[in-house]
Amino acid sequence: MRSPLPLFHKATFSTLVRAQRDTAITFDNYAALLRRCASERSLQDAHRIHCHMTMSGIPPLSLGNKLIDVYLKCGAIHDARQVFDAIPKPHIVSWNAMLSSYVRSQRSHEALSLYKRMLAEGVAPDEFTFSTVYKAFTDLDLVALGAAAHAHLIVSGVDATNPFVGSSLVDMYAKSGRLADARMVYDRVHNKDVILATALVVGYSHNGEHGDAIKLFQEMIKERIFPNDFTFASILIACGNMEDLRKGLYVHGVMVKMGFKLGCSSHTSLLTMYSRCGLIDDALKVFHTVPNPNTITWTSIIGCLVCNHREEVALSMFGNMLSQSFRPNAFTLSTALRACSALALFEQGKLVHALAIKVGFDSSQFVCAALIDTYGKCGQIAKARIIFDDLPELDVASSNCMINVYALNGHGVEALRIFEMMKVQGLKPNDATFVGVLSSCSNAGLLDEGRQVFSFITNHYDKGPSIDHYGCMVDLLGRAGKLEEAEGLLTKIKNPDKVLWRSLLSACKIHGRLDLAKRVARNILELDAGDNGTYILMSNIYASLGQWEEVMRMKSTIRRIKVKKDPAMSWIELDREFHSFMAGDMDHPKAKEIYTELEKLITRTKELGYVPNTKYVLQEMDEVEKERSLYCHSEKLAVAFGVMNSHGKCHKPITIFKNLRVCGDCHSWIKLVSIVVGKQIIARDSKRFHHFKDGLCSCNDYW
């Protein structure tokens, strides 16, 4: 009789029912049909054949192991488990198949439960069993139990030097930080392969042991273990984290010499390595060689540009990515928002926010934190707080961002409330939290509160105060005029750096303490004889005290050592275009109209009591010239331009930016301008925001 098997391979299941009337269906036929279902991943046909076997009188359990295989390949773990539990003595292959399916499906708890049953029933695990359960222990971070299973493997006589088992063991130990154990396992494997070596390379890299990762990579090359895409990706990350360009070039050279065709992972790591070593143009070249960049590659190059202060280019790349129909993920959006934040691009930030809502990432932890930061650095405190209050769950990153927003905008009390909220919610503050809280106290003049926070860090925080925390405290004490206390705090630090001393020197300038300034300057110049900031600050201190001979001496030194001083610059955004100004600037196309508007504003503010404060002119000239010099400061030009273009925009504030601190005279003048024009004026300088309204400033004249 002709077998119906060829018919079954060509027909749908309905043919099977028709064929039953004419032909006996054998055990082998069912086995062949199940193999077909497995290869085609046809769960529906598998169910039908399983049912048909039962109806035909053939015990399904006689093909139980094959049914398990079919169901697992079709993703039906529940069906496979039902068959598995009904088999009196499943084959070791079925045990291993069930275990690996649970692990692949991120159901490691169930995998370990089944493993315990396997041991209880006296089934001897093999190398495939152990390699699978080690992955389960890794997923659940149960390294102690994993080590016990390692001992069981040795006692059982299973070959522990097998690279298949060794890779899982190395991965388990490395991911739990037990690198010595991982290396011991690695060294005992005789026939090492790329999977085993890569597991240890990744382990070293993830645990910050980048030097060991690079040494192991070099061993691989010597032993002719050829790296794969994951090996290269991990080792390039290690080179980038070490900022070791020489090693990075060596790895890149190995890739070229091997004729290795880079995948997306290694491409992404290569461009990141060049970026972290400061070669952003080389990173861009690598990106442009990627044949089919994916979202991760796009996100990486955008992030590299932001980290290298190329935010405008980063946003342009972000636009290119969208124009090529790539869907951004949460990291892409948060990176684009970081670029908007750095440039204070409020309108652009709103567009990215709208896109985040459209693609469904507006509730992402990363995106929310970036939105809070962006709106805060654009002076939009209320919008930042709305995002914060709408968070599905409070977390440390978003709380830190909100604290920093309040610190930047001078709302110290609100920052302290967020800090207290974190403690009530059981969130553990980190170093960044304390920096934000102390900065908010410094910007708002909350001396007692800042002392309490610093005492909390000293007495209750595991790590104790960091250099950044000391820096914030020195700044707080210095601004409050507690200069001796600030100096005493510095003496408690083992090796205070020049940044800490310069913070105290800035306070000396604010309070006119020349005696202390000289002493502090000597300490800084002992650490760095060519420190630009110290010479400039000392020159300004002498100028503010009218000691012009000393000013000339300092300027002579500045010229001799070629100190570069950033010129004061202010800018304003209008219709997505930036307009920048320097003191006395006549280059703007509308310079004539700007100066005319400025004269009107100065006249009207004088009527309200504005008197130019010539102590802020740090050059020797007569009083009339000093006043004229003050009139054309870059902040005043930017405000005048903003007022010119604000007519008809009743509720929109005028927002300007400055690369240095706002001049004290300009600060007093802008307060009066806010009365004259009846508008809120927001000024973001190098340190903080000033919100001017109705003749008052949010900083309460404390900055």
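Backbone N, Cα and C atoms are what each Cβ position is placed from, and that goes for glycine too.
The average per-residue pLDDT of the prediction over the domain 'DYW' (609-703) is 86, rounded to a whole number. TrEMBL lists 609-703 with the feature domain 'DYW'.
Look at TrEMBL and you will find 91-125 (among others) tagged as repeat 'PPR'. Beyond the repeat 'PPR' (91-125), the same-chain residues lying 6 or more positions past its ends with a Cβ under 8 Å from any Cβ of the stretch are 64-65, 68-69, 72, 77, 80-81, 84, 132-133, 135-137, 139-140, 142, 145, 152-153, 156, 158.
The repeat 'PPR' annotation in TrEMBL covers 193-227 (among others).
Within the chain, the repeat 'PPR' (294-328) has long-range Cβ neighbours (under 8 A, six or more residues past its boundaries) at 264, 267-268, 271-272, 275-276, 278, 280, 283-284, 287, 335-336, 338-340, 342-343, 345, 348, 355, 359, 361. What TrEMBL records for 294-328 (among others) is repeat 'PPR'.
Residues in the repeat 'PPR' (395-429) partition by DSSP class (helix H, G, I; strand E, B; coil) as 26 helix, 0 strand, 9 coil. As annotated by TrEMBL, repeat 'PPR' applies to 395-429 (among others).
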Next item on the list: Kindly report the helix/strand/coil residue split of the domain 'DYW' (609-703) according to DSSP, in that order.
Entry: 37 helix, 16 strand, 42 coil
Item checked: DSSP-derived helix, strand and coil totals, residue by residue, for the repeat 'PPR' (294-328) -> 26 helix, 0 strand, 9 coil
Checklist line | Same-chain residues at least 6 beyond the ends of the repeat 'PPR' (395-429) whose Cβ lies under 8 Å from its Cβ atoms | finding: 365-366, 368-370, 372-373, 375-377, 379, 381, 384-385, 388, 436-437, 439-441, 443-446, 449, 453, 461, 688-691, 698-700, 702-703
